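> Have a look at this one.
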Amino acid sequence: MGEGFRQASNDATAVEEELVGGRELAEGRIKLASESWRAGVQISEIENDDLVGVIGLSQGQIAKLDPEQKSAPTRTHLFGYLDWSFISYRQHVSTASENAQSKSYIVYMGERKHSDPSLVVDSHHTILATVLGGSKQEAADSIFYSYKHGFSGFAARLTDYQAEMMAEMPDVVDVIPNDLVKPHTTRSWDYLGLSSSHAASNLLTESNMGDKAIIGVIDSGIWPESKSFDDKGMGPIPTRWKGACVGGDQFKCNRKLIGARWFVKGLLEIIKEPINTTTGMEYLSPRDAWGHGTHTSSTAAGSLVHNVSYKGLALGTARGGAPRARLAMYKVCWNARGGCSSADILKAFDEAIHDGVDVLSVSLGLGDPYFLDVIAVGSLHAVLKGITVVCSAGNRGPTSQTVGNVAPWIISVAASTMDRSFPSPITLGNNQTIMGQAMFTGHKEIGFKGLVCPKQSGFDKSGTCTCNYLVADKSTMRGKVVLCFGYPYGASDIVKAAGGVGLIFSNYFAYYISPCDDFPCIEVDYNVGAQLLSYIRSSRKPMVKLSTSKTLVGMPLSVKIALFSSRGPSSLSPEILKPDVAAPGVNVLAAMIPKNVNAYDGFAFDSGTSMACPHVAGIVALLKSLHPSWSPAAIRSALTTTASTTDTSGEPIFTIGDAQKLAGPFDFGGGIVNPNRASDPGLIYDMGVTDYVHYLCSMGYNDFAISKLTLHPFVCPNKKPSILNLNLPSITVPNLRSSVTITRIVTNVGPIDSTYVPSVEHPLGVNVAVSPQMLVFNSTIKKLSFTITLSSSHKTIGGYYTGSLSWSDGIHKVTSPISVRTEILPSYTDRF
């Protein structure tokens, strides 16, 4: 039977109908949106006798719904990242209409049964024809994508009834709705220790700038004429490359950009209207009309471009992490509706696997971390074929449990600042100078002018100076600098229209800056904003002088984790530490499309975990060039265990926000990625297909679904494997009750004859015992296992306490972050 059919409908009580044994029998599905479920939707009105099955609920929730339900249901979503939980019950309704409106669905069938893609496609037509009445031509017309290279499946137009039938077919693993997904430099590489300006040996030089690697980018397209994609000095395209340049009009690839494809059929099925190309706002080709994909591509693998700046700021050489690596673009994101369809994304994974990329950079994610089906499916098949997949962690921070792309085979990347800022001095009439940050360029200094905080009608004194409510009042603003609080959406235009000469806006965090090209605007944090407001209210004639921005790099600037960067723990598998690592994602200068309003000479600043992700993808390409035999898990381990938890001056890393707290594993995983240390980690925690299928077993997925992944019969052990024993380079225990023993296996990739001893930074109130106390490697012993026993002295239920376990041979230090939460009592759901 097909496993885990999920109908993603917003109708709270939509009913499907099915004829069973000649009788009219309704299979009604109450779909509870995840927000409603978390808010406590009442379902007590459903009679126990009416329950048919419970899909996607925990064991405790099942028991609460139906005391007669003794075990977890066998029907489970293969990748389980549910945005909707729902239950089924019987009631009589009229017969379903077979002419109901069709939607687009992805029919996922696991690993391919045939090596010949044409046979895979034919099998798709055959299985769909059985649902559509036996016509293979009708099936072919319904299918708009066949996934035939990296895995098997198809995307097709189906009614809800037909999708339900497909889910019951013997070869179908899952049926997934085609939904919309959102897309989540001159200094950053020097900050990470990969400078190209000196002869010192580092990962960049040792890997020859990644010249053996091919990076695939799944994004919004690329601007091929950008200087960052110049192929000067690059050799022939690797003979192993099997991709294509499906360019379209006025789009050409070269020896740098060796492949480009575009996928839009899935989006068209959702928006039900053609893409408008007449205004030049979109292109039916891999050409980027958004800028997101051009920026991420150049960050990962852009060629060296000298003397790049933004109007004099951040002057330096722009390049990607692997400047000699090849690029392949898979365009799935479009200006239309600002989205990327899941069917298109899965097709991009399918083609990228076929084409032969080494690394995939995916700066995409859905709004809710529970629902990541297509990225999890596509990335698993890529990883099983040796392709490392790097994804953005999401921009929903700083709230906990918001991290996305949480599958254990994905490298999830958080965003940090770097040691660069653009200070802009603000001098008050009392000669006090306060530092703001801005891209205040191309202007002379604004001499002493009046400083005002405009009063706004309808607000008391505490409600004035709000940026969103500014009005163009010439009597108040003419010839003056205006102070306002909040993000300045359109505020600079209002002040300018009223004759003002400058804007100071006070925000939560003065780190993410946008250029005011023709008008000086300076950002300060709320503390500085409060000082300025106090000065205005205490002075008879408040005055201010605005000086132009400068570029400041290195000490004393500290590095912080971005406020927007999504935080762990994972809401799906809290035993798996996410994010994995952090990388620069704030004010990153990289290539941009010419039409972008913030671009200057082909480059622009941008911020987000979307910008952090390609930093790591570029580093992965360097590691893959230097260590071609390393698996994706080995690369992830090397990055995590060598990451930095302090900045370049040795100071601890903090988070941006109201409570400037020390960053921890749920903020940055192992820490800020350290490429040079990752190239020689000493020991690695490796994983392969057996580890991943055992993980799926531990999550409750059934033998059928897992067997379809591997094309080999597989039976999960009677006793579920513990997720705690997944061979991760981190240790996370979300429910320590008394004590627990965890096993890890390490592989020596350093000197053949090596001896490692452990050191432990104990989480508060948690004892960590490691056995054995020494790991000795030689020419015959390359892998060794050890155990970690954790026990708690806490007497109450608390939050997570963190520490670390490090193995050292005197040269290498292999550090695994430890996160432990004590749970003295059983959880609520376990007691009902």
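Backbone N, Cα and C atoms are what each Cβ position is placed from, and that goes for glycine too.
Here's the feature list from TrEMBL:
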- Asp219: active site, charge relay system (ACT_SITE)
- His292: active site, charge relay system (ACT_SITE)
- Ser610: active site, charge relay system (ACT_SITE)
- 104-184: domain 'Inhibitor I9' (DOMAIN)
- 210-646: domain 'Peptidase S8/S53' (DOMAIN)
- 725-820: domain 'Subtilisin-like protease fibronectin type-III' (DOMAIN)
> How long is the line from the C-alpha of Asp219 (active site, charge relay system) to the C-alpha of His292 (active site, charge relay system), rounded to the nearest angstrom?
7
> Drop a 10 Å sphere on every Cβ of the active-site residues Asp219, His292, Ser610 and tell me which sphere holds the fewest other Cβ atoms.
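Counting other Cβ atoms within 10 Å of each of the active-site residues Asp219, His292, Ser610 gives the minimum at His292.
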> Compute the C-alpha separation of Ser610 (active site, charge relay system) from His292 (active site, charge relay system), stating it in Å without decimals.
8
> How do the residues of the domain 'Subtilisin-like protease fibronectin type-III' (725-820) split into helix, strand and coil according to DSSP?
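Residue counts in helix, strand and coil order: 1 helix, 60 strand, 35 coil.
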> If you average per-residue pLDDT over the domain 'Peptidase S8/S53' (210-646), what number do you get?
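Across the residues of the domain 'Peptidase S8/S53' (210-646) the model's pLDDT averages 87 on the 0 to 100 scale.
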